[in-house]
Amino acid sequence: MLCPVLLYGMLDHENEELRERVSALEKKVHQNEDEMLCLKSALADALRRIASLESGRTAGLTNNVLPSKPFKPQPRRVSSAPVSAADSRSKRAGSVEQAFVTRDTAPPQKRAPTPTPKAPPSPSPTSLKKWSSLSSAEFQGGNLQMSRSFQSVTCLTDKTRATDRKAMAHRRKETTFNKEEGYLRMYLRGRPVTLYAPTLEEYDLAKKEDQPPQSLKLEWVYGYRGRDCRSNVHLLPTGETVYFVAGVVVLYNVEEQIQRHYLGHTDDVKCLAVHPDKITIATGQVAGHDNKKSSRPKSAQHGKGDPSTAPDHLPHVRVWNSVSLQTLHILGLGGDFDRAVCSIGFSKADGGQLLCAVDEGNEHTLSVWEWQKGEKGHKITETKSSTEPVVASEFHPLDANTIITCGKNQITFWTLEGGTLGKKLGLFEKHEKPKFVLCLAIADNGDVFTGDSNGNIFIWPRGTNKISKALTGVHEGGIFSLLFTKDGHLLSGGGKDRRIVQWDATGLTQTGEVEIPEHYGAVRTLTQGKGNMIVVGSTRNVILQGTLELNFNPIVQGHVDELWGLAVHPNQHQFLTCAYDKKVFLWDALSHSAVWSKELEVPAHCACFHPDAQVVAIGTQTAKWLVLDLTSREPVYSHTDGNEQIECAEYSPDGKYLALGSRDNHIYVYSVDEEGKKYSRVGKCQGHSSFVTHLDWSADSQYIQSNSGDYELLFWNASSCKQITASSSMRDVQWATSYCTISFNTCGIWPEGADGTDVNGSSRAHKADLLASADDYGKVNLYRYPSTHIEAGHRAYGGHSSHVTAVRFLHDDSRLLSTGGKDAGILQWEIL
């Protein structure tokens, strides 16, 4: 046997040699890294260029094949699982990757079509991985000559890339009208779409359509954002309760049932603060939409740049007058905030001359502003607050230069001296440090009270960063809000247990409590109402009003999750909404209130009323659809078709049929009897190569037209479920609705160079003089009907923060309704 010492020496020697070999290999790999990257980049550029050239050639040859395009990896969704909110919003964005064949929508060819050359495959993740491995293997041999040749190719593609982009842009914008055949050809995402004009239509492509004479005025906002925002409900001296939803700040007089609206923001409002004068209000918003017309400057993204050139979709704070609703100052348009402004507060000891703000950047920057200096205010100082989330910031009411912030794993006491902020962390000492300090309130004597995620209330004496007294475990779960009432009590609102507990502010003994009903959600914020009334904002976007002795009643209700379903009553001023929160609301547009609400077992996506108004059909994310009786609110029929989401549902004008467009590319048609309570399947319309997005019935209930995710317009015979392949034969059919966004009468709602994701929905007025559209940039647009010219004149209205998902006119065309996706807001517009 070998001596152990000798054996270990041999092993050490071999290990040393192995380490040297590995080090040498690593050095060689690093030396060849640039060549490897150059090869992969050149290959990708070459494939993209070839695909672009082929797409242009095929676009000019035929309408039967979509142009080739670079592959964009899309998350593959299991068909049996519910559609996520993000998937629903981006459903059109990824649609072109699904299927590329249209069904006889092209005009008749006068000559034999030239065979379409097969486009090279787009670089998929698999192919890129294969090339990566190949390039690594080749470059290990040190083939520098090949590397230089690919560098030349890369330079060539860089020079021609701008030319290719211009050519593609020209092809996207090219819209033509064939007078002989009477069809319009427009392009969506580079794909030609053929739309036949009515026989008697005198069409001039060069004509410019004017704006409609009618306009919209925001009349009412349904909903409230309490699910993820705090301290955002306040009572003003005017008797109005101020809060926000989407991009609208609402001033609601509950007694007089009147709403006023501040519409200065361009996207989601995230925080709100009331000045000590109780008239001036500050609100902060998130970063707005990049709508391709005004994108955020790169310099502004890094907190630099000229404020005069920064667009107003950057995160910023607006200070405005609650009486006149006029904007007084706008802070932060120079890129001072990152992502969103999540918390703001006015100073109190000096009469409100300063304003503090915290953003949602990685470092949660805390800044202090002299907000009255100039239109854009003057920033005194800023500092990195924390790498963890900050949920509240507030000036101390007695110490003019003290700011308190709290959030995850922290409470911090800041001192403003000489234009700089000094920092002192709160010390928990013998007490268990909570994961979150969720809220704070300051007593008349200056002591700071905090509520945390462990259900504890800690008291921090004025001027110190140490705890003097603790009430532990007073709530099960977190404490989301603390409030000192006018009568000297302290109220604490629990998240998990939904309890509002009343404490004697002096002895800190419990004197009362009440529990909020479960369907209203947990307590998010507490504020003083009129007299001894308490106003409660909940995590399920409900605002309640009441006292501990009396019941709390809802004064504002709304949806919590992504909202797509909107249907209007056929003969009353009522409408129905349904969303991914499984809630269904029937609203009255005149009283501005919920008639009733019901919770389903599954998330809902679409809805439609039967013409007799006895029942309503609701399509869900799980391929199930059900029919609710409007009187009893109970299901009278339910069925499941396929295993994908029901995207749209419409009854025929005579009420004898129901058509359901599914995400599985099919339209399911049912015959309807017994006033909408009995259903028999007629058949399945098969022909779309992507999911069905919208459908319309003909006025005589014989035909259906439908759109899909790959921008097809197809026609069907309803009784046989057969596709009508001769699209030109349907040119003179009168349609009962205009929910299809792709049709000859609605083509004007598409902006020039549209990529197919810009418009989410449309609706025609019953008088057939107006057309409304819901776009992806938070805008509701109003057009003349029909709108048959690209970039038609229109009026655009903001208020929604995320993509607008649906628009509908009430039965008498007196009002227009719109729903927001992520903001879950419902806006009611008066037509003037």
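Placement of Cβ uses the backbone N, Cα and C atoms for every residue, glycine included.
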Looking at 8-35, 288-315, 372-399, which one does TrEMBL call coiled coil?
8-35
Can you tell me which parts of the same chain pack against the repeat 'WD' (472-504), counting only residues 6+ beyond its ends and a CB-CB cutoff under 8 A?
230-231, 431, 436, 438-444, 449-457, 510-518, 520-528, 532, 534, 536, 539, 548
For the repeat 'WD' (472-504), what are the DSSP-based totals of helix, strand and coil residues?
0 helix, 18 strand, 15 coil
Could you break down the residues of the repeat 'WD' (685-726) into DSSP helix, strand and coil, giving a count for each?
0 helix, 21 strand, 21 coil
What average pLDDT does the predicted model assign to the repeat 'WD' (685-726)?
96
Composition by DSSP (helix, strand, coil) of residues within the repeat 'WD' (797-832):
0 helix, 19 strand, 17 coil
